[in-house]
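Encoded as structure tokens, the structure appears first; notes follow it.
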Amino acid sequence: MTTGDCCHLPGSLCDCSSSPAFSKVVEATGLGPPQYVAQVTSRDGRLLSTVIRALDSQSDCPFCRICHEGANGENLLSPCGCTGTLGAVHKSCLEKWLSSSNTSYCELCHTEFAVEKRPRPLTEWLKDPGPRTEKRTLCCDMVCFVFITPLAAISGWLCLRGAQDHLRLHSRLEAVGLIALTIALFTIYVLWTLVSFRYHCQLYSEWRKTNQKVRLKIREADGSEDPHHSLLATGLLKKVAEETPV
């Protein structure tokens, strides 16, 4: 059975009626408990996670609204004003989601998170600059630069040597022609290098703005948790218990 319910996750492409990349599939068989299958995608269509877990109708434990896993190994937080099944989230999952969606607030209740953004290093952009066309352009320009630079240097050196020889033989016309050819060659090479470098600098600047490491400034739940978070966790447990189908 395939349900048409849509998971309103931050930054998701929420079109469950036509998109198979974000759906819930419940298989009721006699071989085992029903399973929950969820695929989470970001704004640019990249698959962030695929989650398969067994459903337990008697369970009243909250789970992360992004990865749909419980508090196994990592505590669940309630960093915003969302309640019910959308109120709990892992800190690492939320950081990954905010980094992928390039936002700093909850897109459901619009609560602004206290985050610290750090730009990613240049090596990550060189490994994965983005779309396939940009990656192909970067590779081609780097290969051309590696091969054209020594060719331009050798060609210019040969032209200048030829111009010197023609000057010794009093062939000024040929010498002027070789010097003009050298100047034109280096002008074209410098212009191509500057245009290519400026183009890739713009791509890197845009990539750096939209691909940052996001760190939440939220203290995870521990023994010294404040009463506000305790009340949120208690209300979340009650809300999930009420919404759990029997």
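Keep in mind that glycine also has a Cβ here, set from the backbone N, Cα and C atoms.
Going by Swiss-Prot, these are the annotated features:
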type     : residues                     : note
ZN_FING  : 56-116                       : zinc finger
BINDING  : Cys64, Cys67, His90, Cys93   : Zn(2+) 1 binding site
BINDING  : Cys80, Cys82, Cys106, Cys109 : Zn(2+) 2 binding site
REGION   : 121-246                      : region 'Required for interaction with IKBKG'
TRANSMEM : 138-158                      : transmembrane segment
TRANSMEM : 175-195                      : transmembrane segment
Distance from Cys109 (Zn(2+) 2 binding site) back to Cys93 (Zn(2+) 1 binding site), taken between C-alpha atoms, in Å: 18
Whole-number answer please: how many Å between the C-alpha atoms of Cys106 (Zn(2+) 2 binding site) and His90 (Zn(2+) 1 binding site)? 14
Residue counts for the zinc finger (56-116) under DSSP, helix then strand then coil, are 14 helix, 8 strand, 39 coil
Using a Cβ-Cβ cut-off of under 8 Å, list the residues of the same chain that are 6+ residues beyond the ends of the transmembrane segment (138-158) and lie near it. 126, 129, 182, 185-186, 189, 192-193, 196, 200, 203
Same-chain residues at least 6 apart in sequence whose Cβ lies under 8 Å from Cys82 (Zn(2+) 2 binding site): Arg65, Cys106, Leu108, Cys109
Distance between Cys80 (Zn(2+) 2 binding site) and His90 (Zn(2+) 1 binding site) at the Cα atoms, whole Å? 12
So what's the average pLDDT for the zinc finger (56-116)? 78
Counting across all protein chains, other CB atoms within 10 angstroms of the CB of Cys67 (Zn(2+) 1 binding site) number 21
Using the CB centroid of Cys80, Cys82, Cys106, Cys109 as the Zn(2+) 2 site centre, which other residues of the same chain sit with their CB within 8 A? Pro79, Gly81, Leu86, Gly87, Leu108, His110, Thr111
Using all protein chains shown, find which of the binding-site residues Cys93, Cys106, Cys109 scores highest when you count other CB atoms within 10 A of its CB. Cys93
Looking only at Cβ atoms, how many others are within 10 Å of the one on Cys64 (Zn(2+) 1 binding site)? 21
Same-chain shell around Zn(2+) 1 excluding Cys64, Cys67, His90, Cys93, C-beta within 8 angstroms of the CB centroid, reads Arg65, Ile66, His68, Glu69, Glu74, Leu76, Val89, Ser92, Leu94
Counting other CB atoms within 10 Å of each candidate's CB, the least crowded of the binding-site residues Cys80, His90 is Cys80
